[in-house]
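Student: Dropping a structure here in structure tokens format, bear with me for questions.
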Amino acid sequence: RTSPFCLSLLEVVQSSGSMGEQQSLAMQILTATAICCVYMAVGPFLMVLNKEILDKVGFKYPMLVSSLGLIFATVVTHGMRAAGKLELKFKGQIDQRFWLEKCLPVGLCHAATLAFGNAIYLFMGMALIQFLKAFTPIVTALITYGMLGRKERPITCVALLCVCTGTCISIANNKGGLGVTTTGLMMSFAGSACEAIRLVMTDKLLSGYKMDVLENMYWLAPAGAASLFTAGLVLEGPSVLAQGHMQLVVDHPGHFVLAASLGLGVQLMTTMVIKVSSATTLKVLAQVRNVIPVLC
């Protein structure tokens with residue numbers, strides 16, 4: 001029996017005009033759905049893996065761990081460019097001033113988001129962290145309105161409140177990992193604000209220049225990787241060397257390689273979701289995604 005949701009999609013497709021337009025719209029819906037599903041799958045794996053690296057492996061350096069995905073994304077995209085596999089359609093429009101004004105702020109916010117997002121696992125449990133993240137879509141919607149002047153429809157606002165409330169209830173009913181610390185709360189609020197600003201700026205950049213996903217990553221990933229890795233070297237590097245924790249990387253190479261690969265996957269899927277929808281939609285999906293590692 002066909003579900004009401006599928007029937008609604010079918011009605012939208014059938015009302016779109018000619019057969020060619022219907023096929024095009026159906027393909028867009030299927031593509032967007034597939035992208036969202038992959039995004040929902042990759043994120044929880046990376047959350048759990050990063051927490052395992054910080055807690056069980058004992059490599060308690062959130063900035064360096066967070067930089068793995070961005071460094072890998074930089075290496076992959078620039079390697080593709082060097083091999084002639086990546087065409088930069090906007091290379092002529094992106095000069096030094098553009099990169100400093102548009103790309104660098106996105107990279108810095110991305111670096112801050114990842115650093116705060118991983119560091120918080122050292123201070124609070126998984127359940128409370130995801131509980132606090134449940135409010136990020138509302139923050140994103142507010143910042144979108146403040147920076148872009150884009151208002152969400154009333155029905156979207158109601159949906160946001162329902163999703164956030166439902167996520168909070170689901171996580172609050174989970175009995176494990178609820179422990180509040182002042183440092184953890186401050187990091188959570190800072191991370192949510194940085195992520196919301198980054199998503200809105202990325203949304204604006206993608207909508208204004210119509211970059212494809214890999215080109216977007218080519219310009220944005222180096223800024224985040226450089227700032228995050230540099231901060232990690234300065235703040236965490238001396239401790240890594242003093243305590244001999246580089247040996248942990250040698251002893252657990254699979255963890256770090258997988259973290260870098262999943263980090264690249266998250267960068268790709270995040271940009272693709274924003275491209276086919278919006279920053280607010282991304283954060284709504286993220287709330288459902290954030291419940292997965294808590295309930296599993």
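Glycine too: its Cβ is placed from the backbone N, Cα and C atoms.
As the structure is a computational prediction, the values presented were derived from the model and not from experiment.
Feature annotation from TrEMBL assigns domain 'Sugar phosphate transporter' to 34-237. Marked as transmembrane segment by TrEMBL: 29-49, 61-83, 130-148, 155-172, 178-197, 217-235, 255-274.
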Student: Using a threshold of three or more Cβ pairs below 8 Å, and leaving out pairs closer than 6 in sequence, do the transmembrane segment (255-274) and the transmembrane segment (29-49) count as in contact?
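Tutor: Between the transmembrane segment (29-49) and the transmembrane segment (255-274), contact is present.
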Student: By Cβ distance under 8 Å, which residues at least 6 away from the ends of the transmembrane segment (61-83) in the same chain are close to it?
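Tutor: Here the qualifying positions are 46, 50, 53-54, 110-111, 114-115, 117-119, 121-122, 214, 217-218, 221-222, 224-225, 228-229, 231-233, 235-237, 239-240, 245, 256, 259-264, 266-268.
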